[in-house]
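Shown next, in structure tokens, is the structure this report addresses.
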């Protein structure tokens, strides 16, 4: 019940403020509640670093790639492979509409990211994570965050 309440409060706060950014510590709380700490061997700091380097914690970010495909949401999930954006043929491996990845409650994006990370390449699917997070000390991402 606490998990649902926190996610609801965070999404309500974002909706009320019409903000598309989530704070680092609020995101850390949601990710912890969704059991991402240690998921497939990745720490909360890995997930925070990924969200920052991909979207700067912008939940509603959409980016067009050089190949014409689009990346969506906090984790910049690609519409050609992982979600359906109705713009081109999509494999839709997460079985989700890309617009759902922009939802302030974060659950669709988190579930899809977990599916991606569960694959053989893990977080190496994200070029920015490989370049800026992999193999680096990341514990500072949790500095000042109160996690339960």
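Including glycine, each Cβ sits where the backbone N, Cα and C put it.
In TrEMBL, annotation is done automatically, which means it is predicted and not curated.
Sequence annotations record features per position, and here TrEMBL assigns signal peptide to 1-19. TrEMBL lists 94-112 with the feature domain 'Glycosyl hydrolases family 22 (GH22)'.
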Quick check on the domain 'Glycosyl hydrolases family 22 (GH22)' (94-112): DSSP residue counts for helix, strand, coil, in that order please.
11 helix, 1 strand, 7 coil
Rounded mean pLDDT for the residues that make up the domain 'Glycosyl hydrolases family 22 (GH22)' (94-112)
97
